[in-house]
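Trainee: Sequence annotations record features per position, and here TrEMBL assigns signal peptide to 1-19. Annotated ATP binding site per TrEMBL: 105, 106, 107, 108, 109, 110, 111, 112, in sequence order. Residues or ranges marked as domain 'Torsin-1A C-terminal' by TrEMBL: 276-329.
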């Protein structure tokens with residue numbers, strides 16, 4: 001109705017112009033243009049002032065690549081997979097299925113951070129798109145295993161409604177290792193190879209699952225390569241992906257325990273986040289100092305990085321907390 005009113009107003013503008021002076025005419029025409037921009041779906045002004053969803057994809061892969069390289073440390077495998085997967089999905093006119101990625105690794109290795117970088121880059125920088133990024137915390141949203149049937153219905157309705165409003169919706173599920181068994185399988189129909197479900201197309205949606213499960217296996221592989229004097233860059237991705245798939249499927253402490261999503265191969269990418277070494281923690285400290293407006297302090301970076309590399313107890317090669325507590329340590333030290 002608003003759109004029709006705006007159109008009618010624009011039709012009347014030429015008939016009103018002869019009776020107005022040039023200045024009033026300019027104001028009138030300007031107001032008409034603003035009104036049209038506000039009412040027209042997908043217009044730049046409407047999207048700037050209001051939250052809207054445009055099917056025009058805005059992801060700049062080169063900018064995303066730069067963000068990942070500058071802000072995420074020690075995760076060359078994760079960066080490669082994320083870039084490749086998003087590029088293929090976003091540049092496809094009509095993907096055959098939603099993009100589904102499962103992030104695995106120890107706490108503090110960058111899983112949540114990478115998902116936030118994806119969210120920031122997925123939509124135009126100057127357009128508020130918070131309404132189209134949906135973050136589910138297992139501890140917060142699905143705390144009671146006895147309520148699984150209720151959660152299933154709520155989750156299906158939530159995804160269906162949000163994808164209907166915006167096909168390019170991003171869904172992030174954190175603490176997947178604590179999710180009640182069977183719950184995640186309730187969204188299986190939305191992740192499968194289907195043209196539409198009840199008139200709703202899901203192919204442009206993106207699903208990210210964040211897991212600590214599988215982190216120990218990834219660390220075992222990385223440690224084995226180090227002990228054999230091989231670089232972490234030599235670790236084959238296929239080996240890690242196979243281990244992760246098997247580990248979370250058979251792990252009772254995983255939200256994917258005996259999940260149909262894995263059985264039916266609906267998870268497109270298992271993304272490994274390697275344990276962070278001393279140099280990576282130093283990089284995290286340096287970045288935290290920069291963000292806080294502080295000068296680089298070599299002694300402080302060394303002190304914090306040495307204190308946080310604590311695994312295994314003899315070699316002290318990795319940080320068991322990744323960069324999780326770097327910010328608080330920096331605050332206490334500057």
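If you go along the chain as it appears here, the first residue is 1 and each next one adds 1.
Yeah, the Cβs are placed from backbone N, Cα and C, and that goes for glycine too.
TrEMBL annotations: computationally assigned, not manually curated.
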Trainee: Rank the binding-site residues 105, 108, 110 by how many other Cβ atoms lie within 10 Å of each Cβ and give me the one with the fewest.
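Mentor: Looking at the binding-site residues 105, 108, 110, the Cβ with the fewest others within 10 Å is that of 108.
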Trainee: Where does the mean pLDDT land for the domain 'Torsin-1A C-terminal' (276-329)?
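Mentor: Mean pLDDT across the domain 'Torsin-1A C-terminal' (276-329) comes out at 96.
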Trainee: What's the most sparsely packed of the binding-site residues 107, 109, 112, counting other C-beta atoms within 10 A?
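Mentor: Comparing Cβ neighbours within 10 Å for the binding-site residues 107, 109, 112, 107 has the fewest.
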Trainee: For the recorded ATP site formed by 105, 106, 107, 108, 109, 110, 111, 112, name the remaining residues of the chain with Cβ within 8 Å of the site's Cβ center, in chain order.
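Mentor: Nearby residues not in the site list: 103, 113, 212, 215, 273, 322, 324.
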Trainee: Measure the Cβ-based neighbour count of residue 106 (ATP binding site), defined as the other Cβ atoms within 10 Å of its Cβ.
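Mentor: A 10 Å sphere around the Cβ of residue 106 (ATP binding site) contains 24 other Cβ atoms.
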Trainee: Identify, in sequence order, the residues in the chain of residue 111 (ATP binding site) that are 6 or more apart from it along the sequence and have a CB within less than 8 Å of its CB; answer 'none' if there are none.
Mentor: 103, 104, 105, 210, 211, 273
